[in-house]
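Record features (TrEMBL):
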type    : residues                                                                                       : note
DOMAIN  : 34-90                                                                                          : domain 'Acetyl-coenzyme A synthetase N-terminal'
DOMAIN  : 98-486                                                                                         : domain 'AMP-dependent synthetase/ligase'
BINDING : Arg201, Ala202, Gly203, Arg204, Thr321, Ser533, Arg594                                         : CoA binding site
BINDING : Gly397, Glu398, Pro399, Asp421, Thr422, Trp423, Trp424, Gln425, Thr426, Asp510, Arg525, Arg536 : ATP binding site
DOMAIN  : 541-619                                                                                        : domain 'AMP-binding enzyme C-terminal'
BINDING : Val547, His549, Val552                                                                         : Mg(2+) binding site
MOD_RES : Lys619                                                                                         : N6-acetyllysine
Amino acid sequence: MSELDIESLSKEKRTFAPISDPRAKAYVPDMEAYEALYKRADEDPEGFWAERAKELVTWFSPWEKTLEYDMHKPEIKWFAGGKLNVSYNCLDRHLENGRRNKAAIIWQGEPEEDVKVYTYQMLHTEVCRFANVLKAKGVKKGDRVALYLPMIPELAIAMLACARIGAIHSIVFAGFSAVSLQNRIQDSAAKVVVTADAVLRAGRTIPLKPNADEAMKKCPSVDHCIVVNRAGLEVPMQEGRDCWWHECTHADGITDVCEPEPMDAEDILFILYTSGSTGKPKGVVHTTGGYLTYAAHTTQWVFDVTDNDVYWCTADVGWITGHSYIVYGPLCLGATSLMFEGVPSWPGPDRFWQVVEKFKVNIFYTAPTVVRALMREGVDWTRKHDISSLRLLGSVGEPINPEAWMWYHTYIGAGTKPIVDTWWQTETGGILISALPYATTLKPGSATKPLPGVDAAIVRADGSLAGPNEGGHLLIRKPWPGMLRGVYGNPERYKSTYFQRFPGMYESGDGARVDDDGYFWIMGRLDDVINVSGHRMGTAEVESALVSHEAVAEAAVVGMPHAIKGESIYAYVTLKTGIDESEDLRKALRAWVRTEIGPIATPEVIQFTEGLPKTRSGKIMRRVLRKIAAGVYDDFGDTSTLADPGVVQDLIEGKKDLTGN
Ligand code: WT7
């Protein structure tokens, strides 16, 4: 059996018809509008995108050609020759269009009393100042600047300051280790590092500058390090290299006037490192004109952001979600973006709802892992706050299992508010497959349909088109403005990872199927697929079945080598608070999966565990789970991105107790 026979047996059949927009001003008001837009974009992609780019972005001078591409080479250019500046689009133009005194960023720090509101005018001033600091440190157009910062306003300010002078930012999530930071600085040869003394997280103060110091030891490219005072920690400052943000932004000669650098549409805006299935993380390259157009376009259509909304994306700016949907998309539109420094569980599991109530949030975008974690704590926490301001909910990062979807819908969305399950990747720059909130009938667990202009297809291993409900490789056949333009410093890897196996098309690496109604069901990374007796099972589906059992909070499923079946299913299961592990429950869960999906999906082994090895972005590190399931307890590879590395040892002990080896 080959990879094309991935089985997707999700039994989910519920549908939820869209509600009509209570304000009657949705950008895409119904399915007819969607169909018409899809057709238009399909027949004339260049015309469609040129229109969007003109409407959403202010250009200093027009482009020569809307699109030039060769997906075999690959070489993709959108709006080439056009000149623009991202920071101008996110700031300056709003000073003239009536939004000068509007909140651009509402920042809620982890301590309840730490709140800052930046109007567009205030943000503009800070960005110009910091842009001048960067210039004073010798940063020029095209130079790389590494940003290693917690979720504080200075992170957004530094991004926009880089964009203003044409420097390329490379954000490294503050949860990454010194070694990870070092690798990323080295790969991009960054000249300047911007960091903070510490990160505030769940009531603790975690020093950050020492990591940067450790990393910079082996980074000869770095001339300067700018340090934000977040926590008032004493940190060693290296003479000549390090300076405090609050001092250098007010040094002699640093004014708040800084002209935006005119950039070509295809100049690099940023690099963002992401892990692949093999090797070191790759530096995904995004450029200026296409990325900004795409981020603004999707923010507008998918989240339906309008001028009076308070919009909150709970991601960290260190991930692509934060780049596109906390900073660039919302600010390009002149929206109000809430930036939150804290975590969902501290000081209590109602923190998110308390923040929603406090700022009367209208649009809320989070990850399934968060939904499941909060679901586990029970609904009483959601009832403590008035969250009726919410109008629209979003989900991203992994397939949302129907159980979590229903909980989100029922308890956060009051059973009426649209949920947009948005499928995309670091590489895609923005959302590709998603419901449109007031147009699409929803199916829990399905990302629904490709957005207009997105030519998504499911193909078999030989490149032929898969039929309805047949699992296969999810590919995108035509370029879209937000797509990556390279892997930094590694054109070979760019080509081989994304464009080689299915020549002329972008390979997402995900498996999916399309149902009879044309709905996409993402089945997870193809490398996470299990082959049991020649049948392919999507791990996400087994997990979803397990999680739909009333006793289960979370589940992670991997393949385990099996002498007869090839592979069998090994499930790690976290039970809901108050539920006890037992042999009976284990049996009941196996029977449950069998009836939910079919005998083929029955887990061979179920290991109960208190926690799963998750990265700080909430992704389960299956590589580690596969090793433990296989009884291999070393050589886990890079585990530096785990939120709690201690989980690994616990899992090993649990496995040994369970199977005796
Ligand atoms: C991978 C990309 C996109 C920003 C956050 C993650 C999975 C993402 C969904 C979704 C099913 C999803 C895919 C994809 N994924 N969103 N709505 N439904 N799967 O970015 O770290 O680049 O990860 O996340 O497997 O390939 P990323």
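Note: Cβ is positioned from N, Cα and C throughout, glycine not excepted.
Any TrEMBL annotation is an automated prediction that lacks curation.
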- Query: Any idea what the Cα distance is from Pro399 (ATP binding site) over to Ala202 (CoA binding site), rounded to a whole Å?
  - Reply: 27
- Among Arg201, Arg594, the one of these binding-site residues whose Cβ has the fewest neighbouring Cβ atoms within 10 Å: Arg594
- Query: the residue listed as 'N6-acetyllysine': which of the binding-site residues Gly397, Trp424, Arg594 have a C-alpha within 10 angstroms of it?
  - Reply: Gly397
- Please go through the binding-site residues Arg201, Ala202, Val547, Val552, Arg594 one by one and keep those whose C-beta falls under 6 A from any atom of ligand 1; give the result in sequence order. none
- Counting other C-beta atoms within 10 angstroms, the emptiest spot among the binding-site residues Arg204, Arg525 is Arg204
- Task: Pull the DSSP breakdown for the domain 'Acetyl-coenzyme A synthetase N-terminal' (34-90) and write it out as helix, strand, coil residue counts.
- Result: 27 helix, 15 strand, 15 coil
- Identify, among the recorded positions His549, Lys619, the residue whose Cβ has the fewest other Cβ atoms within 10 Å in this structure. Lys619
- Using the centroid of the Cβ atoms of Val547, His549, Val552 as reference, list every other same-chain residue with Cβ within 8 Å of it (recorded Mg(2+) site), in sequence order. Glu403, Ala545, Leu546, Ser548, Glu550, Ala551, Ala553, Glu554, Ala555, Val573, Leu589, Trp592
- Query: Which whole-number value in Å describes the distance between the Cα atoms of Ala202 (CoA binding site) and Val552 (Mg(2+) binding site)?
  - Reply: 25
- Other C-beta atoms within 10 angstroms of the C-beta of Thr321 (CoA binding site) total 25
- Item | For Arg594 (CoA binding site): DSSP state (helix, strand, coil) | helix
